[in-house]
Amino acid sequence: MKYMTAGESHGPEEIAIIEGIPSGLHISEEDINKELARRQHGYGRGQRQVIESDTVKFLSGVRHQETLGSPITLNVHNDDHNHWASIMAPNDVETDENSVRKVMRPRPGHADLVGGMKYRHFKDLRNVLERSSARETVMRVAVGAVAKQLLKEIDIDVHGFVLNIGSAKTNLDKLENFKKLDDIRQVSESFPTRTLDEETDKKMQAVIDQAKKEGNTVGGTVQVFATGVPAGLGSYVTADDKLDAKIARAIVGINAFKGVDFGGGFNNAEKFGSQVMDEIFWSEDKGFYRGSDNLGGFEGGMTTGEMIAVRGVVKPIPTLYRPMHSVDIDTHEEHKASIERSDTTAVTAAAVIAESMVAIEIAKAILDKFDSDNLGRLKEQLKAYKEEIKEF
Ligand code: EPS
C-alpha cells in the first residue's frame, strides 16, 4: 500500500490517491467523514474550522461501497477556497488585485523562510505556507480512515488521545477500569481536549484560554495505542524494514511533531534493564506473551504481539498573534513576523492524525507481508500465520 496527497491550504481541493488496498473491503464516505470530523473538532482550534465541514468524495476505486483493488482517489473540498479564489487562481497571471495577502516576514518555527530560500519563492512566502500548512493532514486522516477500516476487519484497533497540553497533564492511572482500547476511546472522545479525565480537561482548557488571551500558542504530547497486532510485523534484518522506525518516521512527518518514543520511551533511559525488559511467559491459549509492555510492542524492529504504544511531541503552532522577531525577505529590515489566522493549539487534532499514521504503517506492514489482492484471502493467510506463531 502506498499513497500520495496533493492540495494547497486555500486551493480548491485536497486529494489523496491510495494504491494497494485489497478488493472486497466494505467502506463508505460516511466511515471516512466520521474521522474527518474528529480531526476538525477539539478545544483550541481556530476560525478556519468554522468555515470547513470536511467531507470526502470517492473519485475512484470504490463501487457499491466496496473497494475494487484499483487506486482509490479521495477528494475533500476546501470550503474556504471561495474567499481565496483569485489569490490562489492557477490560470490567471499575477496582478495587483490577486497578489494581496503576500507573506514577506517569515514566522519563526514555520517552513516559511527555509522553504522560500530552497524553492526561490522570494516574492511571496505564501507559495511555501500553502503546502506546508497542516491543512494537508485532512487527507492523511482520510487515508488513515481507509487503513483503519481494513484493520478493523482483522481485529486491530488503533486509538490516539492527548496526554498533555502545556503544563496540564494526565496519565493512564486516571483510567482505573481500562480493559480494552475502546474504554479509552469512549472516555477521551467525550472531552473537547481528547484527554482522559475531567480535571485535566478543565486544566487543559485553561492553559489554552490563557495562551489565546496572550496571543500565544501551546503544544503537547499525544499517545497512540494499537491492539490486536500480531507478532512478527517488520523485521530486524535491515534498518529499512524495522516497523518501529517506519512509525517513528511517519509520526515525525506530521506537521509540528518534534519527537517520538515507544512504550516507556525516554523514561526508560533512567531505569535499569530489569525494570525495562518485558518478561516472557507462555500459556496454552495465548502462546508466548509478555508480563509488561515497557518497550511499546517492539523488539528488534518487529511487533511482539503486545499493544503498540507510541507517543509524539507536538510543538506549539508557530503563528503567534503577538508575533516574534523576523526580517522582511524583500527589504531585509527587522520586523515582527507575519500573522496568519491560526489555531491556539492543534494537539487534539494531532492525536487523530498520529492515530491515522500509525494505522497506515500497520496496514502497510500487513499488506506487505500477506497476499493482499483480496480481503478474504488476506484474512485466511493472517489466520494461518497467527495459528503458526501460536504453535511456536
Ligand atoms: C494552518 C493555519 C490555519 C489552520 C490550518 C493550518 O489555516 P488558516 O490559515 O486557513 O486559518 O486552521 O489547519 C487547517 C486548515 C486544518 O484543516 O487543519 C497552518 O498554517 O499550518
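Placement of Cβ uses the backbone N, Cα and C atoms for every residue, glycine included.
Annotations in TrEMBL come from automatic prediction, not curation.
TrEMBL annotations:
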- Arg39, Arg45: NADP(+) binding site (BINDING)
- Arg131, Ser132, Ser133, Asn255, Ala256, Gly300, Lys315, Pro316, Ile317, Pro318, Thr319, Arg341: FMN binding site (BINDING)
Spatial separation of Arg39 (NADP(+) binding site) from Ala256 (FMN binding site) - C-alpha basis, Å: 15
Binding-site residues compared (Ala256, Ile317) - highest count of Cβ atoms within 10 Å: Ile317
Neighbourhood of Arg131 (FMN binding site), C-beta criterion under 8 angstroms, separation at least six: Glu8, Ser9
Lowest local Cβ density (other Cβ within 10 Å) among binding-site residues: Arg39, Arg45, Lys315: Lys315
In sequence order, those binding-site residues of Arg39, Arg45, Arg131, Ser133, Ala256, Ile317 whose CB lies under 6 Å from ligand 1: Ser133
Distance [Cα-Cα, Å, rounded] between Ser133 (FMN binding site) and Arg45 (NADP(+) binding site): 14
Separation of alpha carbons, Ile317 (FMN binding site) and Arg45 (NADP(+) binding site) (Å): 11
Intrachain C-beta neighbours of Thr319 (FMN binding site), sequence separation six or more, cut-off 8 angstroms: Arg107, His110, Thr217, Ile339, Glu340, Arg341, Ser342
Maximal Cα-Cα distance (Å) across residues annotated as binding FMN, namely Arg131, Ser132, Ser133, Asn255, Ala256, Gly300, Lys315, Pro316, Ile317, Pro318, Thr319, Arg341: 44
Cα-to-Cα gap, Lys315 (FMN binding site) vs Arg39 (NADP(+) binding site), nearest whole Å: 17
